[in-house]
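Notes follow once the structure below has been shown.
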Ligand SMILES: Nc1nc2c([nH]c(=O)n2[C@H]2C[C@H](O)[C@@H](COP(=O)(O)OP(=O)(O)OP(=O)(O)O)O2)c(=O)[nH]1
Ligand SMILES: [Mg+2]
């Protein structure tokens, strides 16, 4: 027997996101950006990154997204953490890597603003809920 259409649960979209914790040359500060004033999580702070494309792994995704969003070249290093979180409308898996700034001045190509901060300052910024495990992992370093 089939379930009537109106009572079938709607599967939430699952987004796989490559995320960069970019360390400055002295490896003391990390880069965070503020999302644009429209769209999902408008005005929240985040670590730059975006959706994995077909056939791409997290490392290639992060390198591409950082070039697109900030216009800089980075070295993608070891994974810090992978976090999955269910939001009201979708599920995200964030694959987070330590990254190192190689060259170029970060530009606000797809975000409202950019800041270099010390990990201990993360508590002063509003991040999406999925980020709290990332912040915790960074505070343990
Ligand atoms: N880049 C990034 N995304 C994050 C973080 N935390 C978090 O929950 N996300 C979520 C918000 C978004 O739903 C998704 C990635 O955002 P995005 O702006 O790069 O891509 P998107 O999924 O909004 O793109 P689109 O559907 O509008 O095409 O991951 C984070 O620290 N960085
Ligand atoms: Mg993005």
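Even glycines carry a Cβ here, placed using N, Cα and C.
TrEMBL: automatically predicted annotations, no manual curation.
Marked as domain 'Nudix hydrolase' by TrEMBL: 12-141. The annotation 8-oxo-dGTP binding site is assigned in TrEMBL to 35, 46, 47, 48, 49, 131. Per TrEMBL, the feature Mg(2+) binding site maps to 49, 69.
Considering only the residues assigned to 8-oxo-dGTP binding, 35, 46, 47, 48, 49, 131, the longest pairwise Cα distance works out to 14 Å. There are 18 other Cβ atoms within 10 Å of the Cβ belonging to residue 35 (8-oxo-dGTP binding site). Excluding 35, 46, 47, 48, 49, 131 themselves, the residues of that chain whose CB lies within 8 A of the CB mean position for the 8-oxo-dGTP site are, in sequence, 19, 32, 33, 45, 127.
Cα spacing between residue 131 (8-oxo-dGTP binding site) and residue 69 (Mg(2+) binding site): 19 Å, rounded to the nearest whole number. Counted with DSSP, the domain 'Nudix hydrolase' (12-141) comes out as 30 helix, 54 strand, 46 coil. Measuring Cα to Cα from residue 69 (Mg(2+) binding site), the binding-site residues that fall within 10 Å are 49, out of 35, 46, 49.
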